[in-house]
Amino acid sequence: MTGTTGSSETPQPPRKPIKQKMAASLKSFGSWVIGGAGGNGNGAGHPAPMGELFAKTDPATDGEECLHDCETCAVRYPRGFKIEEEDALYGEVKAWSTHLIVGTGKADWVRDVADEKGSVMEAVDKAGPPSNGKMKLSASNMPTPHDTSDYSEPATVLLLPAFTLIDNVRPANVPTLITDIVSHAPTTATPLHPTSSIPASVGDLSTRRCPHNAVILMCSQGTRDARCGQSAPLLRRELERHLRPLGLYRDLHDERPGGVGIYFISHVGGHKYSANVMVYRRPNAFGQDDVAGGGGGQEEGEKEEEEEGGGEKGGRSGDVGAAQCIWLARIKPEDCENLVRYTVLKGKVVKPESQLRGGFDRAKGLMSW
């Protein structure tokens, strides 16, 4: 592999020409990041080399299976489903500090979700940015309290990397949500320490710990690109097939502690690389990470918090949120088995050269931007 090098030892993939990179950035990220120019060092401009950010699977330690796609996969993409295979992906996503996932009860929206009249997304677009850096905004199929898609009903939102659920969100209280909750939340650049800065309640808003150890986000917005509307349901079905025998699958209404939540979200950019998959993971989420120096203490921290009622509203004291977000693209159904086995369970990437777009690791203090 040729191209620029982030260090003397670890090669970087080739970079796109400046003109092509600028065009791709404008096209893919024109309206989905809300906020200012950072305030927490996120945009420092020192991307981690690909091999340092996330470990690549190694057959010597992970077994020969990591070299093979699923052979039992019965799901296939439709005929004519085309994916761009030539572009270098790593390092081409813009920095973000927080990610707000808004439950709407549906899996497709108007082209720009900020144009959904009467929605929380519209209110976020009109409100001022958080003070702790850029906020990524996504509509999602997370259910509303009464399983409707009526925007007059209050929404539940998921704030990442805080792994915090916020209930009773309405357009009218979005400014409070941003100034009193999002602005005080941990970010992608925050050191991995327990936080108590998120209040248990503010006005009619209440917060609680997300029960999952990992969440998988997939673009399903067919109004932006038909491939997303086609790929997301197929991938969810295949991911469920591999998570269920492990006791880790959680449907939209399953709030048992642990497990993996799978949510459809709106446009994230790069539809030609469909399917895009973002995996947010708690530290050593399933006790299988290769943790050096005894750094897997979060597993004990999670247990301690559960014993103290961490799943209840206000149980925030021991929660550090997500340690990683691993953003992949060009995911096919046959990739799902190893995506579960290695990325979700171990925080490793099977095909970084062709599928890794970027992300962050708060434990290492590394990002792809």
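Glycine too: its Cβ is placed from the backbone N, Cα and C atoms.
If you look up TrEMBL, you'll see 1-22 (among others) marked as region 'Disordered'.
Per TrEMBL, the feature compositional bias 'Polar residues' maps to 1-10.
Sequence annotations record features per position, and here TrEMBL assigns region 'Disordered' to 123-150 (among others). Here the region 'Disordered' (123-150) has Cβ contacts under 8 Å with residues 32-40, 42, 94-107, 109, 113-114, 116, 156-158, 171-172, 174-175, 178-179, 182-185, 187-189, 217, 220, 252-253, 263-266, 268 of the same chain, all six or more residues outside its ends.
The region 'Disordered' annotation in TrEMBL covers 288-317 (among others).
Look at TrEMBL and you will find 299-309 tagged as compositional bias 'Acidic residues'.
Taking DSSP states H, G and I as helix and E and B as strand, the region 'Disordered' (123-150) has 4 helix, 6 strand, 18 coil.
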